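Peer 1: Provided herewith is a single structure, encoded as structure tokens, for subsequent inquiry.
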Amino acid sequence: MKIFAAEQIYAADKTTIKKQNITSDVLMERAATRLFEWLHLRLQGNPVKIHLFCGIGNNGGDGLVLARQLKEEGYNIAVYVVRYSEKRSDDFSTNLERLKKREVTPDVLEEGDALPTISKDDIIVDAIFGLGLNRPPDDWVVALFEHLHRSRAFTLSVDIPSGLFTDRVPSDKKAVVKANHTLTFQVPKLVFFLPKTGIFTENWEVLDIGLDQEFLSTAETDYELIGKNEVLAFYEPRKKYSHKGTYGHSLIIGGSYGKIGAVHLAAKACLHTGSGLVTAYVPQCGYTPLQTNLPEAMVITDAAEKHISKIDFDIEPTVIGLGIGMGKDTKTVNALGQFLDVNKTPLVIDADALNILSENEEFLDKLPPRSVLTPHPKELERLIGKWDGDFQKLEMAKSFSQKYDCVLVIKGSNTLTIYDGKGYVNTTGNPGMATGGTGDVLTGMVTGLIAQGYPPLQAAIFGVYMHGEAGDTMVEDTGYQTLTASKLIEGIGEAFLDLFAVDDDVLADEE
Ligand SMILES: NC(=O)C1=CN([C@@H]2O[C@H](COP(=O)(O)OP(=O)(O)OC[C@H]3O[C@@H](n4cnc5c(N)ncnc54)[C@H](O)[C@@H]3O)[C@@H](O)[C@H]2O)[C@H](O)CC1
Ligand SMILES: [K+]
């Protein structure tokens with residue numbers, strides 16, 4: 001699913017109004033009707049008090065239309081106009097008049113006014129600012145946001161939590177409404193997925209307001225949300241007359257004394273993802289544990305006992321997963337530099353190999369085109385430098401990926417894959433996966449997909465999705481705290497099966 005920028009959404013509005021020959025007022029009515037339906041379906045006439053806080057722009061207009069529709073259905077509402085500006089949008093004014101005709105006159109809140117009492121059992125509708133926010137809200141508006149937050153009432157934000165910009169991180173956390181749920185129009189917004197802005201809404205949901213489909217399907221966006229539909233398009237079925245050679249040979253290079261487990265996890269995940277053959281290249285201390293515990297994998301050992309001192313092998317792997325548990329011994333650093341001088345095989349690079357690259361920038365020029373780099377935020381910072389906010393981070397990541405022609409997988413709650421100026425936002429995964437070894441599993445999975453012929457970008461996007469899906473499947477049995485990287489590997493099979501699972505509802509319909 002595409003993630004549109006605010007300007008594109010405004011453009012989609014304009015096109016829709018023109019092509020459907022409607023007024024902006026009709027579009028607002030449609031949008032707010034979706035809000036009403038959502039609430040009415042859940043509340044079924046419940047007399048709970050609903051406080052609707054409306055700004056003076058079109059987000060406020062949505063709130064006023066919703067208030068009118070709730071009033072007509074007999075709900076217990078209180079409406080406030082948050083007058084943060086003298087200006088008013090036309091559709092706001094039209095709907096204010098319509099509301100007054102229904103004998104609802106909103107309280108106008110201005111600087112210095114007493115704030116309404118809100119009980120924790122009430123509902124707040126936040127329609128104060130939408131996509132049009134262009135500067136931080138005034139102090140008294142921030143005080144209102146804090147008042148809403150202190151009430152602990154369920155807060156439903158319209159389109160976007162008020163105070164959240166669409167293209168930058170707010171400098172003051174207090175200056176944003178904390179939403180329990182956001183009902184956003186037509187398309188998800190990028191800010192829902194970034195660590196510093198995603199925190200302002202616990203949940204979000206898209207409401208279809210019938211924007212022009214042609215516009216939506218033909219527009220190019222900088223970001224895309226990756227769910228099952230998107231990755232299904234990448235899936236390559238296993239062929240009947242195939243053999244292990246058909247599915248590539250992955251080489252996992254890494255490990256050091258005390259960190260052989262990382263290679264074990266990566267190699268095992270690589271096998272579970274479908275790589276035809278997997279070989280591990282480890283220091284000698286890794287030989288016995290790997291041969292004993294992972295019989296499917298072959299093992300090549302370095303001359304050194306405890307760390308990699310020279311990367312030298314006589315096999316021809318399809319792809320190499322590099323860096324897990326490898327350490328940064330001087331001999332290992334030199335070994336990596338010499339290896340990169342001659343290597344032409346596609347690479348997936350993680351962990352210590354990333355740190356070595358950060359400390360030896362000249363190595364970056366030696367990477368084969370479209371190498372996949374999988375940093376967590378700290379590794380990313382070492383690679384691309386410090387950033388100021390999530391948006392700058394993304395721009396810096398895009399430049400880095402362009403400069404070195406690499407696929408950058410920024411690991412996090414919503415892992416973001418960057419390539420060729422575009423970002424792919426993953427939707428699977430959960431906090432149970434914040435535990436040692438899950439990154440090694442991801443490296444193994446992406447490596448295993450490239451081994452089977454998936455192009456690096458698709459392998460990264462698909463691997464990240466499957467990794468999260470495996471975690472989501474397993475956490476149902478383990479709970480967050482007990483999910484481990486080994487458990488995650490057990491979930492990879494389920495994640496593949498889930499790609500083609502038929503919904504229970506569909507089966508029920510057929511019966
Ligand atoms: N296609 C859709 O998604 C539709 C969305 N709708 C709703 O419209 C809003 C966007 O409306 P807009 O009027 O452009 O913006 P706001 O409501 O956010 O109004 C802001 C308003 O206030 C001014 N302003 C901005 N920042 C500040 C500030 N810090 N202090 C004071 N004033 C400020 C700004 O100039 C604007 O005038 C969208 O989010 C949806 O909710 C449509 O209803 C249907 C189609
Ligand atoms: K809002």
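Just so it is clear, glycine is given a Cβ too, placed from its N, Cα and C backbone atoms.
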Peer 1: Among Ser24, Ser162, Ser171, Ser217, which residue does TrEMBL annotate as binding K(+) together with Asn59, Asp126?
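Peer 2: Candidate listed by TrEMBL for the same site: Ser162.
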Peer 1: Please identify which of Gly385, Gly437, Gly439 is recorded by TrEMBL as part of the AMP site containing Lys411, Gly412, Ser413, Asn414, Thr415.
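Peer 2: Looking through Gly385, Gly437, Gly439, the residue TrEMBL assigns to the AMP site is Gly439.
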Peer 1: Whole-number Å distance between the CA of Gly412 (AMP binding site) and the CA of Leu131 ((6S)-NADPHX binding site)?
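Peer 2: Distance (Cα to Cα, whole Å): 26 Å.
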Peer 1: Using C-alpha atoms only, work out the spacing between Asn59 (K(+) binding site) and Asn134 ((6S)-NADPHX binding site) and round it to an integer in Å.
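Peer 2: Each residue's Cα considered, Asn59 (K(+) binding site) and Asn134 ((6S)-NADPHX binding site) end up 14 Å apart.
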Peer 1: Please work out which residue of Asn58, Asn59, Ser162, Ser413, Thr415 has the most C-beta neighbours within 10 angstroms of its C-beta, and give that one of the binding-site residues.
Peer 2: Ser162
Peer 1: In terms of Cα spacing, which of the binding-site residues Ser162, Asn414, Thr415, Gly439 are within 10 angstroms of Leu131 ((6S)-NADPHX binding site)?
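Peer 2: Checking each Cα against Leu131 ((6S)-NADPHX binding site), the hits are Ser162.
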Peer 1: To the nearest Å, how far is the Cα of His376 ((6S)-NADPHX binding site) from the Cα of Asn414 (AMP binding site)?
Peer 2: 12
Peer 1: For Gly439 (AMP binding site), what is the secondary structure by DSSP, using just helix, strand and coil?
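Peer 2: Once the DSSP labels are grouped into three classes, Gly439 (AMP binding site) ends up as helix.
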Peer 1: Scan Asp126, Asn134, His376, Asn414 for binding-site residues whose C-beta lands under 6 Å from an atom of ligand 1 and note them, or write none.
Peer 2: Asn134
